[in-house]
Amino acid sequence: MEKTSFFCIILCLSVLFWPAAPIVLAAANFDIAGVKIENLSERSPVTPNDPLYSAQWYLQKIGAPYAWQIKTDSPKITVAVLDTGVDIDHPDLRRNLWVNEQEIPENKIDDDRNGFIDDVNGWDFVNNVADPRPKFQTGFIDDEVNHGTIVAGIIAAEGNNNFGISGVTWRAQIMPLKVLDDKGEGTTNNVIRAVDYAINNGADIINLSFIILADVPGLREVIERAYRANIILVATAGNEGQHNISHSLDEEKVYPVCYDGGKNMVIGVAATDTLDQKTAFSNYGFACVDIAAPGVSFMGLTVYNPYQRYQGNPFNNYYQGYWYGSSMAAPIISGSLALLKAINPKLSREELIDKLLTNAFNVSRLNPGYLGQLGRGRVDLAAAALAVYNDLINSWNYIVTSSLTTALADVKIFDNNNNSVAEFKPFGEKEKAAEGISLTTGDVDQDGQAEIIIGANISGIPQVRVFDKSGKLKSQFLVNQKNWRGGISVAAGDVDGDGAVEIIVGAGKMSEPQVKVFDVNGKMRSQFLAYPRGFRGGVNVVTGDLNKDGVDEIITGAGPGGGPQVRIFDRAGRVRGQFFAYDKN
């Protein structure tokens, strides 16, 4: 059985007014709702509140804070981490784990019949158990015990949770697959089994932060299976070869990074430093390396288990710095691809990779001795995210219309040539809304396509309904007591900065001037009074990122009797600004 040669990291330092008009309009792009952005650098970068973020120089180097203006997270993207195991209890990872929803935890039954019992969060292929955490078995090495957790954290440590660090993407589904023991060693058979597991359980991306010195047929075949399954494989170029020095992969290949098969099946990643120069330890090459990423001075997640010690030192820290190695560079690329895929889930694998590679920062001038051997350059996530986003905005737009005054309001959708492309009655043939409906658009379920969000005006049921572009009902929920008929107004925007679009509802007439914030499933996230409690004229709502911080504000206009007062709130109801749009009388 071939041994897996594992190149470990090294611990260097311990430590977004309804007008009085008969038609209500909403512009929609059914790929994504938004406007074209010319230059992200002219907008304020998004800064998470994680206390150790300032130590994450590499996120700023790749432009992550600017990419986060477009999208901060990838909650539907699954990234398999084949490594030494992951601390699934870590506070910066536990909400970002892949969950096998077909499996009932700890019932000792293979509920989904996939051949693995109780595999709720992944699998340990070394010990053949469901728990994918490191085991601290005899002879363990601290760097290797921590390695998988560090890699997972670089990809998707939970961002903006006021704790620790931030991943390249703030949310994702990390699938921990332990293929290496606590000394950083393993067998190719376990790697093969784990890649097959990732294929069969819906992984979008597989991160491989290790190298194998020999070309093993079974490993090549499983890489080909993953490629045919439309999975993106990301692998480190490695720190060294058979002679323990960095070298050209054209002269001395290592695997799986060099398993390209003429199809670029694996994205090979070399490591660069703070100056965008190749690190002394990183391998390089024309054929196997596709891109470079930072690989030094990482503040990383570490395994927390104070009952275990290594050379007398307990594992009593959630974070440590500073780590380095090409193992750190690969997850930068995996996290970047997860974020890009979340911006536009409809992109093909090849289109996604092309956006990443063609927008890389050219580092040739800084590396004259390695021209063309560090791939397309150092990853520029901001440029790649902008390219992916603007491709969506440049696609075909639609106009969504409905009557404000007819009882049975039809919604009609027109394309740019004034052709009607769809028409439907959001409240059916029987339910009425005397003053029509309120509508907006937004990608509320994060599928890369805008939905149509409808609320009934006066005498309609107080219900929000969400439709796709064909008029198919996707979800609905009540926002007040069912017999209440005061009407509502609706808006959509990411008001909490988590990357998901929330639905904002303003109360209609005859009700307290409440604003409520819901998710797509109707779970209320917050509520507040926009005007004095005794006001009964209704509240009109819209959203917009007014201060360009990546988070939408809620803008309200008072209904009849309230005066032309516009107020600006955050999601918690804190007033961020207010003014009279016309003479206050």
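The backbone N, Cα and C atoms fix where each Cβ goes, glycine too.
Given the structure is predicted, the values throughout are model-derived calculations rather than measurements.
Over in TrEMBL, the protein carries these features:
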SIGNAL    1-26  signal peptide
DOMAIN    76-363  domain 'Peptidase S8/S53'
ACT_SITE  D83  active site, charge relay system
ACT_SITE  H147  active site, charge relay system
ACT_SITE  S327  active site, charge relay system
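Shown on the structure are the features that TrEMBL records.
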{"residue": "D83", "record": "active site, charge relay system", "DSSP (3 states)": "strand"}
{"residue": "H147", "record": "active site, charge relay system", "DSSP (3 states)": "helix"}
{"residue": "S327", "record": "active site, charge relay system", "DSSP (3 states)": "helix"}
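Within the model, the domain 'Peptidase S8/S53' (76-363) carries an average pLDDT of 94. Around the Cβ of D83 (active site, charge relay system), 30 further Cβ atoms fall within 10 Å across all displayed protein chains. Taking the Cβ of S327 (active site, charge relay system) as centre and 10 Å as the limit, one finds 31 other Cβ atoms among all the protein chains shown. The number of other CB atoms found within 10 A of the CB of H147 (active site, charge relay system), across every protein chain shown, is 32.
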